[in-house]
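Student: Once you've had a glance at the structure underneath, I'll fire off some questions.
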Amino acid sequence: MTIAPIPQDCCEPQIRYCMETHHISGCYYYLYLCRYEHFLIFCLAFQSHLIQYVGLSHHLIALNFIIVSFGRKSAWSSPNVQITDTEFDGVEVRVFEGFPKAKEPLKSGVIYIHGGGWALASARISYYDELCSTMAEELNAVIVSVEYRLVPRVHFPEQLYDLERAAKYFLQPQVLERYSVDPARIAISGDSAGGNLAAALGQQFSKDDTFRNKIKLQALVYPVLQALDFNTPSYQQNVNSPILPRLVMVRYWIDYLRGNQDFVQAMVVNNHTALDVEQATALRARLNWLSLLPVSITKDYKPVVQTVGNAQIVQELPQLLDARSAPLIADQEVLQNLPKTYILTCEHDVLRDDGIMYVKRLENAGVDVTHDHFEDAFHGCMIFTSWPTNFSVGVRTRDSYIKWLKQNL
């Protein structure tokens with residue numbers, strides 16, 4: 001796979017140097033960023049595929065073992081935030097409690113869902129620990145960061161079930177009272193695959209009379225929202241971009257849905273949603289990016305629609321057409337019951353258009369939406385806010401996200 005040149009408007013010189021000099025891509029670049037002094041991680045990451053090849057373990061288990069082993073942070077409280085590892089209805093969570101303020105005895109609450117392609121990372125690694133600590137302190141909030149189970153140990157929809165159990169437990173009146181949380185000020189949020197799960201959870205709650213009005217806000221950070229079109233303008237523009245190339249995203253989807261990796265090349269060219277794949281016909285209009293995206297985004301890009309495709313893919317993976325895995329294709333009736341929404345997108349990200357199309361579909365459904373777009377940002381940037389990966393674009397996206405939560409929660 002050829003890695004695209006670093007965009008000239010990327011504001012971080014260290015990113016440009018690392019990527020152009022060392023040709024580092026995908027999740028391995030993520031590892032490289034984690035700690036310069038742990039360059040050994042970068043080398044070990046390549047060995048995760050070798051570990052699977054010789055039959056010792058699945059490569060994603062091996063890779064995540066490396067990420068968590070070197071990035072794990074214990075539940076150490078600070079003078080301003082109390083941090084506790086516990087369980088909510090059998091689901092592991094890390095709870096961050098901002099200390100109460102005299103003028104605001106009841107705190108807001110955020111259920112946070114980390115990213116990582118449904119397969120990597122943890123609520124307990126330093127990046128998410130630091131993000132949630134900052135949120136708890138600045139928002140005077142209780143942040144529940146969910147340690148949901150990952151691929152390949154479980155697959156869709158088990159991750160969503162974990163989140164539903166943890167969220168429903170937290171939303172019980174006696175639990176909110178225990179944490180001094182205002183039941184009228186609760187949000188769900190997540191980044192990347194976590195944004196996917198947050199969006200799906202929001203839709204599930206919107207259909208449940210018991211929980212419909214218990215979520216005040218949803219905040220989605222560069223979310224992945226659909227797997228029917230891997231040739232949107234952002235997928236075409238950023239096809240081989242660092243951090244998250246298209247091929248890596250397609251593989252994450254197939255692993256999440258427990259599919260066959262032999263389908264990758266067919267899905268890359270949209271053979272799974274060709275005109276002769278009847279199951280996908282009704283959903284194409286919901287992903288018509290020629291009408292959902294502005295001209296400034298579509299530019300001269302052309303839709304990739306195959307006349308004859310591979311119906312076997314959808315037959316074996318009907319989950320591709322399930323709104324619980326792909327919230328962007330949900331019915332209008334579901335969308336119109338969603339709460340006020342924040343969506344952050346990055347220009348240098350294959351998932352940019354997933355987020356922008358969701359903004360438009362929510363607006364069409366009458367939902368109050370804030371779209372926060374960063375022209376110089378890349379996928380995953382919001383967690384890169386501390387040394388040695390203290391990038392200005394990470395700080396700016398994080399601060400903008402927290403500012404919106406503070407103003408609206």
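Using the three backbone atoms N, Cα and C, a Cβ is placed for every residue, glycine included.
Automated prediction, rather than curation, is the source of TrEMBL annotations.
TrEMBL lists S192, D349, H379 with the feature active site. Residues or ranges marked as domain 'Alpha/beta hydrolase fold-3' in TrEMBL: 110-267, 321-382.
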Student: Note down the number of other Cβ atoms within 10 Å of the Cβ of S192 (active site), including every protein chain shown.
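Tutor: The answer is 30 other Cβ atoms.
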Student: Could you give me three numbers for the domain 'Alpha/beta hydrolase fold-3' (321-382), the DSSP helix, strand and coil residue counts?
Tutor: 23 helix, 19 strand, 20 coil
Student: About how far apart, in whole Å, are the alpha carbons (Cα) of H379 (active site) and D349 (active site)?
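Tutor: That separation, Cα to Cα, works out to 5 Å.
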Student: Write down the Cα-Cα distance for S192 (active site) and D349 (active site), rounded and given in Å.
Tutor: 11
Student: Please average pLDDT over the domain 'Alpha/beta hydrolase fold-3' (110-267) for the predicted structure.
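Tutor: Per the prediction, mean pLDDT sits at 97 for the domain 'Alpha/beta hydrolase fold-3' (110-267).
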Student: Starting from the Cβ of D349 (active site), draw a 10 Å sphere and report how many other Cβ atoms land inside it.
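Tutor: Result for D349 (active site): 26 other Cβ atoms within 10 Å.
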